[in-house]
Structures are given as C-alpha cells and as structure tokens.
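Undergrad: This structure is in structure tokens; I'll ask about it shortly.
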Amino acid sequence: MPLTLALVAHDRMKPALAEWVARHAAQLAPHALVCTATTGGVIRRHAPDLPIRLVKSGPLGGDQQIGGMIAEGEIHALIFFPDPLAPQAHDVDVKALLRIALVYDIPAAFSPATADLLVAGGLLARG
Ligand SMILES: O=C(CO)COP(=O)(O)O
C-alpha cells in the first residue's frame, strides 16, 4: 500500500533534501508526498515528475499542519532536515513537529544519513 511521506527542510538543508529525493525518486514515485511550501517548490524543480501536495510554509504554520496530519494518522513517515546551525523564528513549531512524530512513533529521519537508512531498511519498498 502506498505511504504518505512528509518531506521538510530548512533553507540551508533544502539542497540536501532535494538531492536525497532525486537519488530515491524511483522508490518515492509510488508514494504520496506532502511538503511545506518552500521545500516542495525546491523538490519540484529537482524531481518534476513526483506529485507533491503542498501545505503552508513552515514559519506560516506548515510544520503545524504536518503535525496535525501525523496526529490524524495521515502521514506514515517524516523526512525532516532541520538546520542545526541556524536559529528559526518558528522554533516552537519545529520542536512540536519533532515531538508529535515521536508521540505517534512514525519512522522519522532528521539527517540524510538516517533517511538513507530508512530506505535501506525497506521503508519505501511497500509501494
Ligand atoms: O520551516 C520549515 C520547517 O520548519 C520548512 O518550511 P519551508 O519548506 O516553507 O521552508
């Protein structure tokens, strides 16, 4: 059964997420993707064939929207590359998104290395 994955990255990590998506595009193709607005725009430029649903930009409530979808059982995995070296105006929303992913124990990766391990572990093989 196809999964719904949330893909989110802070600005300086967007190239790393776009590169990760491009590298796994074939395996991502059967699944539904949800992105915060700016992240989704960057990913669309790198992988135009992947259908991506956009929510609001993170600082404008997008992280909360994705958190709400996790709480509703609508998101099966979270790939989120936060910037570990830059303060975020919406830091409370970022923490809330991390927390809710833990509360619902969905597969979640917060770095390219861990996201690769999720794929190697078969996360996307279910499509
Ligand atoms: O801020 C974000 C995650 O905290 C992501 O939002 P954007 O994809 O709109 O940059």
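Note that Cβ sites are derived from N, Cα and C of the backbone, with glycine treated the same way.
Copied straight from TrEMBL:
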ACT_SITE  D63  active site, proton donor/acceptor
BINDING   H10, K14, S57, G58, H90  substrate binding site
DOMAIN    1-127  domain 'MGS-like'
Undergrad: Could you give the Cα-Cα distance between S57 (substrate binding site) and D63 (active site, proton donor/acceptor), in whole Å?
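TA: Rounded to a whole number, the Cα-Cα distance is 8 Å.
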Undergrad: K14 (substrate binding site) to the residue listed as 'active site, proton donor/acceptor': how many Å between their Cα atoms?
TA: 15
Undergrad: Please list the DSSP helix, strand and coil residue counts for the domain 'MGS-like' (1-127).
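TA: In the domain 'MGS-like' (1-127), the DSSP-based counts are 66 helix, 20 strand, 41 coil.
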Undergrad: Taking 8 Å from the centroid of the Cβ atoms of H10, K14, S57, G58, H90 as the cut-off, which other residues in that chain fall inside it around the substrate site?
TA: V8, A9, D11, T36, T38, T39, P59, G62, D63, Q88
Undergrad: Cα-Cα, whole number of Å: the residue listed as 'active site, proton donor/acceptor' versus H10 (substrate binding site)?
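TA: Given the Cα positions, the residue listed as 'active site, proton donor/acceptor' is 11 Å from H10 (substrate binding site).
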